[in-house]
Amino acid sequence: MNVLLPLPFVLPLAGAALMLPAWRSQTWLRLLGVGVTAGVVAVSVALAVEVAREGVITTQTGGWPAPLGITLVADRLTVLMLVVSSVVLLAILLYAVGQGVVGHSEARPSVYYPAYLMLSAGVCLSFLAGDLFNLFVGFEVMLASSYVLITLAPTPARMHAGTMYVVVSLTSSILFLTTIGLTYTATGTVNLADLSTRTEDLPAGTRTALALMFLVVFGIKGAVAPLHLWLPDSYPAAITKITAIFAALLTKTAVYAMIRTQTLLFPQHDVGTPLLVLAALTMVVGLLGALTQQDIHRILSFVLVGHIGFMVFGLALFSVAGLTGAILYLVHHIIVQATLFLTSDLMQDETGETSLERIGGLAGASAFTAVLFFVPAMSLSGVPPLSGFVAKLALLQAGFGSGRTLGYAVTSVAVLASLLTLVAMSRIWTMAFWRPRSQAPAPELPPEEKAGEEPGLSRQQRYSHRLVRTVTAGMVACGLAVAVLAGPLTSWSVQAAGDLLDRTAYQHAVLGEEAP
């Protein structure tokens, strides 16, 4: 099964390359893109089955043993992230197929599909990387492809957002590379398993400095306050189906890297207190920012920032219970945040607006869209028995069980943040769906037929209309499935959290006899 480890990264790269010979054929690009992404889902599931049976699995590419060679590693956290991320990548790609790709013509075919596959490759490599350098490569692949995607159908706003996104990302990349260099200077290795055996011997000041540098690097990429200012301006400027994948995965990949490095390399928990403070700050700043916005996409972007704080909170506790909550929250948030952006895209298609000041009466005009928004919105707010409630309950239990005054304080902030999320989501619901049509100056919505289709659409348009709604409904169902499968998922997350804190299995799987 170890031969499968490179495939989540290699398949999208090969797919992007195979798109070049027939780059004018939209049909070929669609079929290959969907086929490759579905293949990544299948491989990810197979890897999850193997990890459940065998434990941590590794492969050494290039014939060089660890810590010298390129190491790919999959443990319970890795495969969980691969499965969830690949499913969301496939769903959003199908949504794009149904809605149509921006910028495609016979003279100038769209680069959406190859860039999307490259983004997928970067995400998967980041999860699988067993050394700091390949983790850096994974983030850079994501950066290059995400810049292409964020500037599709260029407008002044998108070009400005893309430029700001690249400047911030390059700054964090330079800092990341500097941190890798300093880590190598201090320890003589960049292999994560090997590093985990050497950082304990570093002077406390050096170890804390490196831990803080990694925290800043992934804090920028993950939009942890006060390093979050780039996100609310960048994400809403992109096409919504692109924003959906950014919101679902790019920040979560950074949170994953933060969890991996802080637990594996710094078991002394040198930055636990700063992390708790940053978690509380991120929750409050993000959600208060959401309450001041009128544009739906900006509201969701600020809410995204706020909920990064919940994941950082779980990590900051450095306990099995806390990490279990963080892992559950990662899974829940990847699905729900993507679903909300897709639903907001449906709302924009139906009204031509994203401003709450000009939208109203959607509940009556489009009841199906109302349901598609309501379920993930309540889940994000933590309403039982949805997936957000399961994840938040795990975090609150971990916080109140931490035995630390600061832990109790941040747990209280998390409760407040959940209430603020409910206020933000209720505000969208009240103004866009529940408010009478007459109170919003947007154009009248076309009536829907019984099947939920607008009259006068062509056969192709009806197919596309059904596909985007079916995909969004499927994403809502995935969020509900997380709640239904809360028991097995929590059990898996508890084991993954235990593996993160007890590094022995990871070290032995990678280093073999050289492990301590």
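For all residues, glycine too, the Cβ spot is worked out from N, Cα and C.
Predicted automatically and left uncurated, TrEMBL annotations should be read as such.
Note that this is a predicted model, so its numbers are computed, not measured.
Positions annotated as domain 'NADH:quinone oxidoreductase/Mrp antiporter transmembrane' by TrEMBL: 129-414. Annotation comment: TrEMBL describes 440-461 as region 'Disordered'. Annotation comment: TrEMBL describes 28-49, 77-98, 110-129, 165-187, 207-231, 238-259, 271-292, 299-320, 326-347, 359-386, 406-429, 467-486 as transmembrane segment.
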- Other than its close neighbours in sequence, what residues sit by the transmembrane segment (299-320), given a CB gap under 8 Å and a spacing of at least six beyond its ends? 222-225, 228, 231-232, 235-236, 243, 247, 251-252, 255, 258-259, 262-263, 269, 272, 275-276, 278-287, 289-290, 293, 326-327, 329-330, 333, 337, 340-341, 344, 356, 380, 391-392, 394-395, 398-399, 401-402, 407, 410-411, 414, 417, 420-421, 424-425, 427-428, 494, 497-498, 501
- Determine which residues of the chain contact the transmembrane segment (165-187) at the Cβ level, with the cut-off under 8 Å and only residues 6 or more beyond its ends counted. 132-133, 136, 139-140, 143, 146-147, 150, 194-195, 198-199, 202, 206, 210, 213-214, 216-217, 220-221, 230, 234
- Touch test for the transmembrane segment (326-347) and the transmembrane segment (28-49), at least 3 Cβ pairs under 8 Å: no
- Message: Against the transmembrane segment (238-259), which of these stretches has the most C-beta pairs under 8 Å: 28-49, 77-98, 110-129, 406-429?
- Response: 77-98
- Message: For the transmembrane segment (406-429), I need the partner stretch with the highest count of C-beta pairs below 8 angstroms, choosing only from 28-49, 77-98, 110-129, 271-292, 467-486.
- Response: 271-292
